[in-house]
Amino acid sequence: MSIFQTLTEKPWLEGKNEIQQKSPDRVKKSAVKVLLSVISVLFFLFFVAFLMRSQYQDWRPLAEEPGQPLFYKGQLWLNTLYLILSSLCFHWASRAVNHNNAKSVQVGILIGGLFAAAFIGGQLVFWQQLQAQGFFVNHSPALSFFYLFTGLHIAHLLGGMIAWAMALFSLKKAGNGSLVGLCATYWHYLLVLWALLFALLVSKPETYDAIAAFCGLGQ
Amino acid sequence: MTAQEHHAPQSFWTKYIWSQDHKVIAIQYSLTAIFVGLVALVLSTLMRLQLGFPGSFDFIDASAYYQYVTMHGMIMVVYLLTAIFLGGFGNYLIPLMVGARDMVFPFVNMLSYWFYLLAVVVLLASFFVTGGPTGAGWTLYPPQAILPGTPGSDWGIILMLVSLGIFIIAATMGGLNYVTTVLQARTRGMTMMRMPLTIWGIFMATILALLAFPALFVSAIMMLFDKLLGTSFFMPAILSMGEQMGHEGGSPILFQHLFWFFGHPEVYIVALPAFGIVSDLISTHARKNIFGYRMMVWAIVVIGVLSFVVWAHHMYVSGMNPYFGYFFATTTLIIAVPTAIKVYNWVLTLWQGNIRMSVPMLFALGFVSTFTIGGLTGLFLGNVVVDLPLSDTYFVVAHFHMVMGVSPVLVIFGAIYHWYPKMSGKMLHEGMGKFHFWATFLGTYAIFFPMHYLGVLGVPRRYYAYENYDFIPDSAKDLNAFITIAAIFVALAQLVFLFNLAWSYFKGKESGPNPWEATTLEWQTETTPPGHGNWGETVPVCHRWAYDYSVPGYEQDYLPQNYPEEAKV
């Protein structure tokens with residue numbers, strides 16, 4: 001029922017009594033949707049802060065010239081590949097749940113989790129590489145955002161790893177695969193989020209200047 | 001979930017401490033919030049002592065005064081009001097009013113409380129660290145919040161920001177539960193539009209909290225980075241104590257935008273549950289169906305949406321583009337429309353009702369009065385040209401204390417008097433309750449109404465002392481002394497309330513299951529207080545909306561929501 005239909009009901013008149021209790025799966029799905037909305041708002045606000053801050057004089061882009069911190073992005077592309085593979089494994093596992101293929105489910109989420117761990121490790125390696133070159137968190141505002149975004153993204157992935165461990169546990173113990181689909185949704189979301197963050201951080205100043213101007217944030 | 005699946009915990013620890021029962025968690029939330037609220041009340045009394053009788057108390061120096069101001073504001077807004085409305089009443093009422101056995105994720109609900117408690121402990125710890133708590137003002141504006149010279153600019157501000165971060169995690173865990181429970185765990189027949197307005201208010205406020213708190217989280221994290229890691233998100237190039245700081249190029253205005261993008265919805269995170277609860281109190285105690293139920297729901301939704309596009313009216317004096325100010329003044333004035341509709345509907349519900357002047361009803365009526373007064377001064381401040389001269393004066397202090405200090409607190413008291421019988425099985429003592437109401441209602445008017453005059457005189461807020469300002473007449477000082485005496489009186493009157501809570505628990509009159517003859521489901525439980533799982537063997541089925549009072553053709557003057565249609569006589 002659409003929201004408008006709901007809001008125009010007349011509850012003081014006799015109405016239908018039948019709304020059914022929802023299944024536990026739907027409850028969890030609904031909670032994941034709410035959670036993803038909250039995370040989206042959080043990162044949306046970070047995006048806006050990034051765009052606003054980028055309009056000040058001292059802003060230096062990250063990936064324009066060889067001397068800049070993100071000019072060599074090989075490690076980041078490799079990490080991105082890990083996350084894509086991780087997401088694909090979860091997708092495969094969640095399809096296997098629908099086909100009652102227990103073996104594939106287990107293999108899928110196990111390998112998916114390992115790729116996610118590889119992504120986190122890869123991001124930390126990249127941090128180390130940056131710091132070895134003297135690019136610390138207070139080097140420039142854009143690089144501060146880089147550390148902040150990647151750190152928060154890792155934190156969200158670590159939260160996902162808890163759900164991953166729970167999914168693995170309930171699969172082993174009770175053969176219950178209901179969490180696998182939700183993990184897959186969350187992983188796809190984090191992949192898309194990472195792609196957006198990566199694109200924003202390495203994009204040309206003209207690009208985010210244009211977005212900032214479009215949003216009325218230009219100087 | 002059947003009753004059999006819902007095993008009641010047996011040991012003291014699982015029943016009362018590590019409890020996953022929404023009712024116990026609600027009481028844990030409420031008691032913690034009331035405790036920390038009392039700390040903030042003491043701080044405000046100390047502030048008033050300085051303002052009413054300047055220099056008479058040696059231990060209140062300028063630094064201490066600013067620390068009291070800051071901690072009072074932050075505790076009251078976030079750790080008391082938000083926590084008690086969502087964590088307290090939200091937790092207690094949502095499952096009971098929608099006919100569920102518990103929240104959908106009881107373990108996460110328990111975690112939510114313990115994170116909240118941790119946030120409170122971290123916040124209060126700042127009283128005991130070197131330099132004391134932050135004195136930056138509750139808005140924590142950079143650059144001053146983290147620079148030397150501001151009280152608590154070392155550990156105080158760090159603990160404040162960390163505490164806020166933990167609180168937001170707690171609020172998000174709670175919020176996920178409240179929203180999902182309302183959407184997915186309603187009993188049969190409980191359509192969205194049959195939900196009591198209390199639940200609508202809490203539901204919408206929770207959505208606002210879930211969407212607005214991230215802005216505070218973002219600003220807290222970025223400020224922590226600036227403070228601890230030397231980044232320049234908000235910090236401009238600046239000389240402090242004659243020394244060039246390492247920061248450059250940051251934008252304090254960016255912080256203000258982020259803060260108020262949270263800060264204004266926060267007003268409605270507090271107000272919407274109050275609106276909902278007051279609607280139910282008035283309807284129940286006037287024995288009349290709420291006037292314009294659908295309009296009330298629409299108003300809650302519209303206010304919720306609009307609350308996200310008015311934030312910059314807190315920043316008129318920050319030097320914004322005039323068109324920007326024009327836009328925000330317009331949205332601010334538009335939000336008065338649905339709010340006014342609610343006030344009309346409360347009054348029209350009372351009109352020709354069979355009004356019972358019970359203590360909850362008195363508090364509800366007190367709320368309508370203070371909220372209207374506080375709301376009207378909001379119309380003044382919402383206009384840029386009127387706001388500019390009144391900005392940073394006591395007029396603003398008067399406005400926001402009336403509209404989001406006193407008003408929601410009156411609702412909290414009304415709600416406690418209303419639902420205490422369900423929580424404890426005992427009635428609160430009526431005589432003490434009436435004294436508490438009149439002392440609080442008249443006392444808070446005595447405190448905040450005169451502040452409007454101080455504001456119009458131009459008396460600035462946030463000042464520690466007012467000596468040697470020619471434009472402030474002596475009469476203003478007399479008024480300040482009067483306000484202080486009224487504030488001490490109101491603070492002491494709250495002791496009667498606390499005594500009443502404790503005394504009635506042991507010696508109060510038995511309430512029975514439904515002392516107010518109310519229709520909503522929480523009054524129809526098998527036992528009072530409701531046991532674990534709330535409903536005994538079977539959950540109730542909802543047959544009607546929540547406002548069937550004085551329906552023609554029935555013997556009793558109320559029809560509970562689970563009263564079947566075919567029982568008509």
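Using N, Cα and C of the backbone, Cβ positions are placed for all residues, glycine too.
Please treat TrEMBL annotations as automatic predictions, because they have not gone through curation.
As written in TrEMBL, here are the features:
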{"type": "DOMAIN", "residues": "A:41-206", "note": "domain 'Heme-copper oxidase subunit III family profile'"}
{"type": "TRANSMEM", "residues": "A:34-56", "note": "transmembrane segment"}
{"type": "TRANSMEM", "residues": "A:76-93", "note": "transmembrane segment"}
{"type": "TRANSMEM", "residues": "A:105-126", "note": "transmembrane segment"}
{"type": "TRANSMEM", "residues": "A:146-167", "note": "transmembrane segment"}
{"type": "TRANSMEM", "residues": "A:179-202", "note": "transmembrane segment"}
Among the ranges A:76-93, A:105-126, A:179-202, the one whose Cβ pairs under 8 Å to the transmembrane segment (A:34-56) are most numerous: A:179-202
Overall pLDDT of the domain 'Heme-copper oxidase subunit III family profile' (A:41-206), taken as the mean: 93
Tertiary contacts of the transmembrane segment (A:76-93), as residues 6+ beyond its ends and Cβ separation under 8 Å: 70, 104-109, 111-116, 118-119, 122-123, 126, 180, 183-184, 187-188, 190-191, 194-195, 198
For the transmembrane segment (A:146-167), sequence-distant contacts whose Cβ falls under 8 Å of one of its Cβ atoms, 6 or more beyond its ends: 39, 42-43, 46, 62, 69-70, 109, 112-113, 116-117, 119-120, 123-124, 126-127, 137, 177, 179-180, 182-183, 186-187, 190, 193-194, 197, 201
